[in-house]
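Peer 1: The structure's right below; bear with me while I get my questions together.
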Amino acid sequence: MGKKSRVKTQKSGTGATATVSPKEILNLTSELLQKCSSPAPGPGKEWEEYVQIRTLVEKIRKKQKGLSVTFDGKREDYFPDLMKWASENGASVEGFEMVNFKEEGFGLRATRDIKAEELFLWVPRKLLMTVESAKNSVLGPLYSQDRILQAMGNIALAFHLLCERASPNSFWQPYIQTLPSEYDTPLYFEEDEVRYLQSTQAIHDVFSQYKNTARQYAYFYKVIQTHPHANKLPLKDSFTYEDYRWAVSSVMTRQNQIPTEDGSRVTLALIPLWDMCNHTNGLITTGYNLEDDRCECVALQDFRAGEQIYIFYGTRSNAEFVIHSGFFFDNNSHDRVKIKLGVSKSDRLYAMKAEVLARAGIPTSSVFALHFTEPPISAQLLAFLRVFCMTEEELKEHLLGDNAIDRIFTLGNSEFPVSWDNEVKLWTFLEDRASLLLKTYKTTIEEDKSVLKNQDLSVRAKMAIKLRLGEKEILEKAVKSAAGNREYYRQQMEEKAPLPKYEESNLGLLESSVGDSRLPLVLRNLEEEAGVQDALNIREAISKAKTTENGLVNGENSIPNGTRSENENLNQEGSKRAVEDAKGSSSDSTDEVKE
């Protein structure tokens, strides 16, 4: 996909003769592992730690220079082989071609008119690289012994990719040789480019991603050099940080969840050919057909011959796109910033507020979102703020009063205020909090816009500045929206306007918005706990997408798909202490605002 292609592409084969001994690198990686496994730094110390880790990583990269294997020629030179391989193995290759679209990079272009909802692309399971195929590969023996590979399918998939890339006769060579040689994820940012993200919400996840990737590399370098089941891996003599960063980014930008063959659970997969599609706003139009055992994609809209074919990756913020996919999407209708709010236990009404929130299914402390679109807050955040600002009398009404249950159900419905005073308080509170968050940035919106006019900015620097600008614009919109609502409800209160009456027939049931959704993103809109049942009809998948606005998300220029516990990115911390040395944590980059 698009913006990921670069000058040269990784190749299987042999690298340059090593000029540094494994023992020397082992000593450096041991130092790196120790540094990355230290407790989280205190407030204001994250940048210092990042620079220290980066210094060690750069020292390792310098000593390993020239050791990574590469493909000859350009990425696009191998596209014909990919199409031939895909066709011979049952994938659709008619009606589109791979083209460089400059701004968006490589993507698919229609060679004929394609109608909306027309099935135009399918890829059978045999072409997919999955955790299951990793288990059955040369990686299998090590996988069976290493708890980290077993616990983190994304890391297993990254090593599967590395092993197959280093095997000239790999079945997946036609796919692997068309992958980009490098990416625009923050793992590839120069230090000066990362500086542009300082004081943003995203910076915490950027630090976490870098630290966890370094920790994983340090851990697995030792494993590959010392574990008996790693002796036959083609990585034994050449496993560089550059290799691991590439594999991590390849998987992070492409991985998706699909059902296993028996349909009993989900697994991670890389989907050749299909992952060339670029992103636009819309609905999920890809599903997995268990009957035919293949990934299927229908057209998001009408595409005329000569037009680029887009798909929708999912309802992700630009922070998620930049960090996990390496691109910034202008006019992202699902963009948002995080805001962490909680009821203080020192609040004398804490117990009552906690009980009302519990009945509404909302925790007393949570990460919410302020959205790019109107309204800026979800039903869940509205309900939380209403409870947060309730008086003792209002709390009693929601716990013990007449129609208490109905009152709970309407907490998230903007049509039925608790009271005019409550509305004034909650919008005042939100206005103040968003204003405070805006003040934490080191630059203004106007300054960011001015910097973006600099023609000498790198692609990654521009992406970083756009991200911090986007965060501020969302917060500024929230401030203006909150101020407008505050004045409206203040006027209603002054005029002593009657509160809207509600009836059972028009109760607005509390539900999470897209922005606050934590449902797993799966090819077929399945929740892992429920298991995978009959294959979804494509039209049913589209219909369901309209309701849930969640489902399959695409690869290369896309977000990592699947449940957050397994593959939100390659750097998520596992639940078991035993594997902490190599697992990464997914810290929520939030600004905690607690009353």
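Placement of Cβ uses the backbone N, Cα and C atoms for every residue, glycine included.
On a predicted model such as this, the values are computed, not experimentally measured, just so you know.
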Peer 1: R75, E104, G105, F106, D275, M276, C277, N278, H279, S325, G326, F327 bind S-adenosyl-L-methionine according to Swiss-Prot; which of R245, R254, R304 goes with them?
Peer 2: R254
Peer 1: Of these binding-site residues, G105, R254, M276, which scores lowest on Cβ atoms within 10 Å?
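Peer 2: Across G105, R254, M276, these binding-site residues, the one with fewest Cβ atoms within 10 Å is G105.
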Peer 1: If you run the three-state DSSP split on M276 (S-adenosyl-L-methionine binding site), which class comes out?
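Peer 2: M276 (S-adenosyl-L-methionine binding site) sits in a helix per DSSP.
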Peer 1: Roughly how wide, in whole Å, is the group R75, E104, G105, F106, R254, D275, M276, C277, N278, H279, S325, G326, F327 that binds S-adenosyl-L-methionine, by largest Cα to Cα distance?
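Peer 2: Looking at R75, E104, G105, F106, R254, D275, M276, C277, N278, H279, S325, G326, F327 as a set, their Cα atoms extend up to 21 Å apart.
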Peer 1: Need one number: mean pLDDT over the domain 'SET' (94-314).
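Peer 2: Across the domain 'SET' (94-314), the average pLDDT comes out at 96.
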Peer 1: Using DSSP, would you call G105 (S-adenosyl-L-methionine binding site) helix, strand or coil?
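Peer 2: Note: G105 (S-adenosyl-L-methionine binding site) is coil by DSSP, not helix or strand.
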